[in-house]
Amino acid sequence: MSSGGLLLLLGLLTLCAELTPVSSRQRHRDCDKPPDKGNCGSVRRAFYYDTRLKTCKAFPYRGCNGNGNHFKTETLCRCECLVYP
């Protein structure tokens, strides 16, 4: 991984760590919605929260519309959707 990629990853992890602990706040309101691929032409890899498996999973997102249960990275998905006891 390039140094730029490592810096980005470190920044995302730091952001996640600085957020209020997930156990004391509500999960992102769209995390409980089913994944919606959207309807634009270009496909990119995104992540959604799977409520049944209680984890973030990759899926092909078409870049617009859909619902809010899509995140650019697995880390962002985990930060917004995982609730720890």
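Easy rule for this one: first residue shown is 1, then count along the chain.
Even glycines carry a Cβ here, placed using N, Cα and C.
Remember, it's a predicted structure, so these values are computed and weren't measured experimentally.
Record features, source Swiss-Prot:
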type: SIGNAL; residues: 1-24; note: signal peptide
type: DOMAIN; residues: 31-81; note: domain 'BPTI/Kunitz inhibitor'
type: DISULFID; residues: Cys31-Cys81; note: disulfide bond
type: DISULFID; residues: Cys40-Cys64; note: disulfide bond
type: DISULFID; residues: Cys56-Cys77; note: disulfide bond
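Structure with Swiss-Prot features highlighted.
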residue : record         : DSSP (3 states)
Cys31   : disulfide bond : coil
Cys40   : disulfide bond : coil
Cys56   : disulfide bond : strand
Cys64   : disulfide bond : coil
Cys77   : disulfide bond : helix
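Cβ contacts within 10 Å of Cys31 (disulfide bond), excluding its own Cβ and spanning all protein chains shown: 20. Cα-Cα distances to Cys77 (disulfide bond) place Cys31 within 10 Å, out of the disulfide-bonded residues Cys31, Cys40, Cys64. With Cys81 (disulfide bond) as the anchor, the candidate disulfide-bonded residues are Cys40, Cys56, Cys64, and the one with the nearest CA is Cys56. A 10 Å cutoff on Cβ-Cβ distances gives Cys81 (disulfide bond) a total of 23 other Cβ atoms nearby, all chains included. Least packed by the Cβ count within 10 Å, out of the disulfide-bonded residues Cys40, Cys56, Cys77, is Cys40. Counting every protein chain shown, the Cβ of Cys64 (disulfide bond) has 10 other Cβ atoms within 10 Å.
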